[in-house]
Amino acid sequence: MKMHLQRALVVLALLNFATVSLSLSTCTTLDFGHIKKKRVEAIRGQILSKLRLTSPPEPTVMTHVPYQVLALYNSTRELLEEMHGEREEGCTQENTESEYYAKEIHKFDMIQGLAEHNELAVCPKGITSKVFRFNVSSVEKNRTNLFRAEFRVLRVPNPSSKRNEQRIELFQILRPDEHIAKQRYIGGKNLPTRGTAEWLSFDVTDTVREWLLRRESNLGLEISIHCPCHTFQPNGDILENIHEVMEIKFKGVDNEDDHGRGDLGRLKKQKDHHNPHLILMMIPPHRLDNPGQGGQRKKRALDTNYCFRNLEENCCVRPLYIDFRQDLGWKWVHEPKGYYANFCSGPCPYLRSADTTHSTVLGLYNTLNPEASASPCCVPQDLEPLTILYYVGRTPKVEQLSNMVVKSCKCS
């Protein structure tokens, strides 16, 4: 037993010197030609599978593609590019890192105004909703560092309520348009109308992110009862000519003791920390810097913007153009003629240095299991769809194929 223990210690000591060479990555390194061949075959199978085709359709000889079909193809492609651009501009940092670092907290109180400015009389009788407006323009420059946003409002008891419980729903107010609804649903709650006061919280991260990206979209939030303009019997039937009113009361909005005090009452409201407010959790940029690089350099994203301009040896997205005719032998895809499918490649160094016990154990594991991957591998993180125009017989089709373009990579 003692001899086996001594042998194990000797092996671990020797592996201390070998860990440096083993700690880059155990993922198999392939040459470009082999990678392209594998990627081409994968794309061939992906496209046919996504189109539910067992074999490529017969190519159709077309002298020209109708304008309407080309317009549909171009508009679809542009819409996808726009959506990806907005997602990139408004996205947060990678989740694991953003969860780890401490957040700066910003509080924005509801903008106070006259009573009628915080009410929407949607129905002929009664008050069915409340509006809450906020100015968050001071943090617009740090919009990409938004981690989470919460809307908080204090429900206060309503002793004169005619019901014990009522359902409320929170909406983002949208700019009026005849083609879309004027509200976007965020969440709902069933609440007691009496009882003790309680704070209500709603996750409004996506809404606030949109406000920070486009200031003109900030039209406020609205709390409304579930079915305004109707009151229901216990069996679900509508009571005609009787309209439900909001009996849930909120601090800072329904304070009857402040009514009639004019500017003095509104000033008191502004200083009341129980008023409706937003809580924004922001990650300071310096906390996302790479601590190992002496300067204040922002951690780079391993995407096409960085990788295509730099000679990065470690994990990065690499350009790979697929020509439908030359690489796949396909003539049935009319648009595009080809596209950058890209791929991920490069070693992923361990997070810990090579002289730690952690790396030593992993090095031993790699030695005993050469086919396994104990260290991270370079894999796709963000993928974009591809829009194609093709014919089945003489019928044109425009299709969107999901996850066809590698835009960024990560070590996983």
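Each residue, glycine too, has its Cβ placed from N, Cα and C.
What Swiss-Prot records for Cys307-Cys316 (among others) is disulfide bond. DSSP classifies Cys316 (disulfide bond) as strand under the three-state reduction.
When Cβ atoms from all protein chains are considered, those within 10 Å of Cys315 (disulfide bond) total 23, not counting its own. Taken from Swiss-Prot, the feature disulfide bond covers Cys315-Cys378 (among others).
Feature annotation from Swiss-Prot assigns disulfide bond to Cys344-Cys409 (among others). Look at Cys409 (disulfide bond): DSSP puts it in a strand.
In three-state terms derived from DSSP, Cys348 (disulfide bond) belongs to neither a helical nor a strand segment and is classed as coil. Taking all protein chains in view, 22 other C-beta atoms sit within 10 angstroms of the C-beta of Cys348 (disulfide bond). Taken from Swiss-Prot, the feature disulfide bond applies to Cys348-Cys411 (among others), supported by experimental evidence.
For Asn74 (N-linked glycosylation site), no same-chain residue that is 6 or more apart in sequence has a Cβ closer than 8 Å to its Cβ. Feature annotation from Swiss-Prot assigns N-linked glycosylation site to Asn74 (among others).
For Asn135 (N-linked glycosylation site), the Cβ neighbour count at a 10 Å cut-off comes to 13, with all displayed protein chains included. What Swiss-Prot lists as N-linked glycosylation site is Asn135 (among others).
Residues or ranges marked as N-linked glycosylation site in Swiss-Prot: Asn142 (among others). In three-state terms derived from DSSP, Asn142 (N-linked glycosylation site) belongs to a helical segment. Asn142 (N-linked glycosylation site) is surrounded by 16 other CB atoms, counting those within 10 A of its CB over all protein chains shown.
Residues annotated as N5-methylglutamine in Swiss-Prot, with experimental evidence given as evidence: Gln293.
What Swiss-Prot lists as signal peptide is 1-23.
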Among Cys307, Cys344, Cys378, Cys409, Cys411, which are disulfide-bonded residues, the residue with the most C-beta atoms within 10 angstroms of its C-beta: Cys409
Cβ neighbour count (within 10 Å, all chains shown) around Cys316 (disulfide bond): 21
Cys409 (disulfide bond) versus Asn135 (N-linked glycosylation site) - Cα distance in angstrom: 36
C-alpha spacing of Cys316 (disulfide bond) relative to Cys344 (disulfide bond), in angstrom: 6
Residue from Cys315, Cys378, Cys409, Cys411 whose C-alpha is spatially nearest that of Asn142 (N-linked glycosylation site), among the disulfide-bonded residues: Cys409
